[in-house]
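According to TrEMBL, the feature transmembrane segment maps to 72-97, 254-274, 308-326, 354-375, 381-400, 412-431, 437-459, 494-513, 519-540, 552-572, 603-622.
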Amino acid sequence: MYQTMTKKAAITVQRKDFPSNSFYVVVVVKTEDQACGGSLPFYPFVEDDPVDQGHRQKTLSVLVSQAVTSEAYVGGMLFCLGIFLSFYLLTVLLACWENWRQRKKTLLVAIDRACPESASLLGHPRVLADSFPGSAPYEGYNYGSFDNGSGSTDGLVESTGSGDHSYNSQGHDQFKRRLPSGQMRQLCIAMDRSFDPVGTRPRLDSMSSVEEDDYDTLTDIDSDKNVIRTKQYLCVADLARKDKRVLRKKYQIYFWNIATIAVFYALPVVQLVITYQTVVNVTGNQDICYYNFLCAHPLGNLSAFNNILSNLGYILLGLLFLLIILQREINHNRALMRNDLYALECGIPKHFGLFYAMGTALMMEGLLSACYHVCPNYTNFQFDTSFMYMIAGLCMLKLYQKRHPDINASAYSAYACLAIVIFFSVLGVVFGKGNTAFWIVFSVIHIISTLLLSTQLYYMGRWKLDSGIFRRILHVLYTDCIRQCSGPLYTDRMVLLVMGNIINWSLAAYGLIMRPNDFASYLLAIGICNLLLYFAFYIIMKLRSGERIKLIPLLCIICTSVVWGFALFFFFQGLSTWQKTPAESREHNRDCILLDFFDDHDIWHFLSSIAMFGSFLVLLTLDDDLDTVQRDKIYVF
């Protein structure tokens with residue numbers, strides 16, 4: 001076993017590799033500094049005159065210490081499992097509490113339906129029936145219009161069937177058996193009680209509605225997206241008119257496609273890193289892989305088992321997220337089968353395919369990160385980042401889908417774009433080091449892609465990329481900027497896109513000028529910056545629209561931000577770097593800091609997996625406050 005060094009180095013010796021229970025330590029001095037990262041000196045050739053290289057000395061100390069015991073391995077594995085299995089336990093407890101709260105709320109609402117005074121007699125505050133899913137028809141609910149509670153209920157009553165009309169005649173008998181007989185005398189039956197309209201909330205003056213005759217009804221949205229809208233502010237109801245079964249199949253394809261991609265991507269990666277590890281074990285050359293040798297605990301044929309074990313959190317928390325999504329989908333489907341009006345006509349349309357894809361991508365990130373840490377080096381780093389690109393892209397698609405359910409990108413086009421990103425990542429790894437031509441081409445493509453995507457987002461897909469695109473651009477510039485100077489139709493969206501273009505152009509300029517060696521991280525930074533910008537825009541617009549953030553997503557946002565901060569602190573410790581020679585990389589190695597088994601990068605794995613899980617929960621619960629709001633009162637932005 002051999003490696004190069006400058007100031008410090010470490011080799012972990014396993015007893016199984018030395019059956020004689022003894023080994024030699026041999027130190028060889030290199031004749032040139034270049035082998036360890038120094039420059040190749042220039043010596044002028046002078047015939048018959050020896051070159052004086054100066055008097056150079058190095059004092060070397062060799063320390064042989066005992067490696068960690070098997071108890072440390074067991075403790076590390078139990079610690080890792082305990083942390084992430086505790087999230088499963090916490091999820092079960094929260095689910096039980098939520099179920100108990102819903103049952104209690106159901107009983108109170110049922111009592112309040114029978115008699116408003118009964119709730120106060122039982123010591124509970126009055127609960128409006130409108131806040132409970134599955135309540136009676138709403139007065140003033142006129143789906144598709146923008147009246148604020150002034151419409152008729154005829155259409156809705158007809159769609160609910162006769163079961164709703166018979167409720168009040170049976171409600172007293174149903175709850176007579178649930179209440180003590182002493183309290184029955186206090187109950188009265190409200191047969192003709194009227195209900196407040198669902199989702200009544202204050203509107204901003206700048207977002208006031210218009211009459212239905214003033215805008216296009218988009219009856220042909222299923223076949224043609226090139227429709228001119230004269231209404232300034234769209235609502236989710238305008239973009240949620242396609243058949244729900246068709247959309248469900250469309251978004252389920254996201255999950256099945258990423259599952260297929262994961263299998264075909266992961267199998268060659270696993271085979272490759274096993275080959276790398278075999279070469280290291282057979283040849284003994286420890287300059288192939290860039291470990292933190294001061295905290296690399298081998299197990300079997302693996303040289304750094306602790307760096308692989310710490311990725312378990314991505315897999316376990318990704319699986320937990322899939323289970324949470326499955327439970328939500330089951331509850332939503334049950335509500336649809338009951339013809340629950342809240343599930344049918346209120347809230348952001350529920351499509352779970354992208355969430356399944358996000359959970360799968362998180363699990364694959366854990367697997368591929370573990371594969372990278374089998375033998376971390378320059379060519380393997382793309383494995384650690386490929387599904388990070390996927391996660392960033394899927395999160396942005398999910399944010400966009402929330403307010404644009406009918407016009408979101410298909411799975412095929414989305415994954416095709418992500419494949420192009422990964423293709424450029426490979427090109428950057430192979431050709432990006434100091435190649436000016438590559439950086440010029442990439443920066444131009446980056447800027448053009450930003451402009452095309454900005455146009456797609458601003459016009460919500462109502463434009464075509466064909467031979468007449470330049471003529472139409474000139475026409476818009478002439479009519480809107482020269483002939484008459486009018487402001488943008490969608491001001492808030494324009495602000496987002498201008499900021500996005502400034503950031504992306506700045507990143508393109510930075511890459512072109514600095515030409516960083518770590519192209520994969522640079523590409524990932526572009527995706528993360530755009531995701532954070534879009535998420536901040538979504539939060540701001542949500543609050544501007546008069547919506548609110550409930551307690552659970554607010555806590556998730558705060559806790560996730562704190563965990564991300566600590567995670568990034570440990571990430572930037574830099575225990576090794578393949579941007580330098582193996583000998584120079586060993587100068588950054590450090591001892592273990594947790595349980596004498598995990599180093600700083602392992603803690604980054606722990607915290608980042610928790611932070612990504614929390615980020616997914618934020619996306620999942622962010623719009624829960626809209627579950628009782630009619631879709632024609634939910635703004636598109």
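Cβ atoms here come from the backbone N, Cα and C positions, even for glycine.
Unlike curated entries, TrEMBL annotations are predicted automatically.
Simply put, out of 72-97, 381-400, 437-459, 552-572, 381-400 has the most Cβ pairs sitting under 8 Å from the transmembrane segment (519-540). Scored on C-beta pairs under 8 angstroms, the neighbour of the transmembrane segment (381-400) with the top count among 308-326, 437-459, 494-513, 552-572, 603-622 is 603-622. By the Cβ criterion (under 8 Å, sequence separation of 6 or more), the transmembrane segment (254-274) is in contact with the transmembrane segment (354-375), since 3+ such pairs are found. Using a Cβ-Cβ cut-off under 8 Å and counting only residues 6 or more beyond its ends in the same chain, the transmembrane segment (412-431) has close neighbours at 253-254, 257-258, 261, 378-379, 381-382, 385-386, 389-390, 393-394, 397, 438, 442, 445, 519-520, 522-523, 527. Within the same chain, the transmembrane segment (494-513) stays apart from the transmembrane segment (603-622): fewer than three Cβ pairs sit under 8 Å, each pair at least 6 residues apart. Only residues 6 or more beyond the boundaries of the transmembrane segment (603-622), in the same chain, are considered here, and those with a CB under 8 A from a CB of the stretch are 80, 83-84, 87, 307, 310-311, 313-314, 317-318, 320-321, 324-325, 328, 355, 358-359, 362, 365-366, 369, 391, 395, 398-399, 402, 538, 542, 549-550, 552-553, 556-557, 559-560, 563-564, 566-567, 570-571, 593-594. Remote same-chain residues near the transmembrane segment (354-375) are listed as 251-252, 254-255, 257-259, 262, 265-266, 269-270, 273-274, 276-277, 280, 288-289, 302-304, 307-308, 311-315, 317-319, 321-322, 325, 381, 383-384, 386-388, 390-391, 394-395, 397-398, 401, 605, 609, 612-613, 616, 619-620 (criterion: CB distance under 8 Å, separation of at least six residues from the stretch ends).
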